[in-house]
Amino acid sequence: MNTFFSRLITVVACFFIFSAAWFCLWSISLHLVERPELAALLFPFGLRLGLMLQCPRGYWPVLLGAEWLLVYWLAQEVALAHLPLLMIGSVLTLLPVALTSRYRHQRDWRTLLLQGAALTAAALLQSLPWLGQGEEAWNALLLTLTGGLTLAPICLVFWHYLTSTTWLPLGPSLVSQPVNWRGRHLIWYLLLFIVSLWLQLGLPAELSRFTPFCLALPIIALAWHYGWQGALIATLMNAIALIASQTWHDHPVDLLLSLLAQSLTGLLLGAGIQRLRELNQSLQKELARNHRLAERLLETEESVRRDVARELHDDIGQTITAIRTQAGIVQRLAADNGGVKQSGQLIEQLSLGVYDAVRRLLGRLRPRQLDDLTLAQAIRSLLREMELESRGIVSHLDWRIDETALSESQRVTLFRVCQEGLNNIVKHANASAVTLQGWQQDERLMLVIEDDGSGLPPGSHQQGFGLTGMRERVSALGGTLTISCTHGTRVSVSLPQRYV
């Protein structure tokens, strides 16, 4: 029983609200076209069709019945002509609305174009019974197209707002909360409306021919900032400005054509902007997905490097130790045999060389410092191991990065960039000083390696010297690596602290 009364109250409220809005829009339309029956085909048609495209089918009889009652009442009061044509046309419009009603809850650019096509088809069907009335058939088509494309998209905007907003019941907890008026958006809308109104009313007579082109300015501005909703709201502002300047038009057809043109512009531009935004969102998701995959690949690569380094260290290290031990035994057993003793010493030296080579290889595969030290300590250890001071290179480290904010991939990447950059400086730069700086800035990790040497040879920025691998690692984490050689070489790395 409660459900029945709730439904009944909703239906009655919809009936009276729609009837009041329909009559107000009919009065405005009558001011523009000055014929009662044609006025019903302008904005009232757009209101009824716009609501039918958005609301469930159960409310269609309420809207259609309210319109028929109003049309019948107007026929008695103001001698409204062609009453059967209006009613037959309104029934015919149910066909395209019914075909597109299943897609009304979608929120993509295709919905805008689909509803635009439904509006066009409904306008054709509404004006179809007027074919026997001569020139009035074209007037009916122009009126229905203009009214439908002007008001129906606005119904879509309001319906989207009402259905996408979370509504909470009014309670004591909400009374004390301030109202968010979103003043910046309101001021932005108001300024554009004033500009649009001034362009229609305030331009000199010699510039009046440019006023139709000015209608696109608010549409473009709001579409750029707010997407398809902004484009459709801009068409409503333009429609109000055009109606306010109706006295400047020599013929109502000029006004209707202007309304129709700017409504089509708003609808198509809104669909285009929505399509562009959807593509951008899709590209951003794919880019984020690719970066996540690349980061996982880096983590997998480091895991494999760590396992290989451990196996090399355990197996080859033990083997080399055994070789050195056996070589020492041979030397002691053959102390009187100079040739054998010399061969034992050579074997021991070669095994030491192999051990050093394997040790360097292990350092390249997986820096052992990262397993035992923090990143700052690992970089200091790297500076000591490279013996820069013995090579006449003064080093300075300024590290201000919080390591708790770093992922394992970022730690390894920053260390390897430092490792490769220092190797290039030692081998090619002929530098006397090198500076490493690391800091956090605006949710980004910054690393700069700078020396006062001769710079990299020409053409080495794109290939060689480990730069390709460095760039690939940094790019895989969503960062950038730049190299400049103005005074020495400067390697700059910028990584997002957390890639989303």
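Cβ atoms here come from the backbone N, Cα and C positions, even for glycine.
What Swiss-Prot lists as domain 'Histidine kinase' is 311-499, and the listing cites sequence analysis.
Under the DSSP three-state reduction, HIS313 (phosphohistidine) is assigned to helix. Annotation source Swiss-Prot lists phosphohistidine at HIS313.
For 274-500, the entry in Swiss-Prot reads topological domain 'Cytoplasmic', with the evidence type similarity to another entry.
Sequence annotations record features per position, and here Swiss-Prot assigns transmembrane segment to 8-28 (among others).
The transmembrane segment annotation in Swiss-Prot covers 78-98 (among others).
According to Swiss-Prot, the transmembrane segment annotation covers 112-132 (among others), on the basis of sequence analysis.
Within its own chain, the transmembrane segment (140-160) is flanked in space by residues 25, 29, 33, 38, 41-47, 49-51, 53-55, 107, 112, 115-116, 119-120, 122-124, 126-127, 130, 133, 229, 232-233, 235-236, 239, 253, 256-257, 259-260, 263-264, 266-267, 270, which lie at least six positions past its ends and keep a Cβ under 8 Å from the stretch. According to Swiss-Prot, the transmembrane segment annotation covers 140-160 (among others), on the basis of sequence analysis.
Among the features that Swiss-Prot reports, transmembrane segment is placed at 185-205 (among others), with the record citing sequence analysis. Here the transmembrane segment (185-205) has Cβ contacts under 8 Å with residues 211, 214-215, 217-218, 221-222, 225, 233-234, 237-238, 240-242, 244-245, 248 of the same chain, all six or more residues outside its ends.
As annotated by Swiss-Prot, transmembrane segment applies to 207-224 (among others), with the evidence given as sequence analysis.
Under the heading transmembrane segment, Swiss-Prot lists 231-249 (among others).
For 253-273 (among others), the entry in Swiss-Prot reads transmembrane segment.
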Completion exercise
Within the same chain, the residues 6 or more beyond the ends of the transmembrane segment (253-273) and with Cβ under 8 Å of it are 32, 109, 112-113, 116, 142-143, 145-146, 149-150, 153, 212, 215-216, 219-220, 223-224, 227-232, 234-235, 238-239, 242-243, 246
Problem - Contact set, same chain, for the transmembrane segment (8-28): CB under 8 Å, 6 or more residues outside the stretch - result: 39-40, 42-44, 46-48, 51, 59, 62-63, 65-67, 69-70, 74, 151, 243
Fill in the blank from the handout: Per the Cβ under 8 Å criterion, with at least 6 residues separating them from its ends, the transmembrane segment (78-98) contacts 36-37, 40-41, 48-49, 52-53, 57, 60, 64, 67-68, 71-72, 117-118, 121-122, 125-130, 133
Problem - Cβ neighbours of HIS313 (phosphohistidine) where a neighbour is any other Cβ within 10 Å - result: 16
Practice task
Take the transmembrane segment (112-132) and find every residue of the same chain, 6 or more past its ends, with a Cβ under 8 Å from one of its Cβ atoms.
Solution key: 41, 45, 49, 53, 82, 84-85, 88-90, 92-93, 95-97, 99-100, 103-104, 140-141, 144-145, 148-149, 152-153, 156, 228, 267-268, 270-271, 274
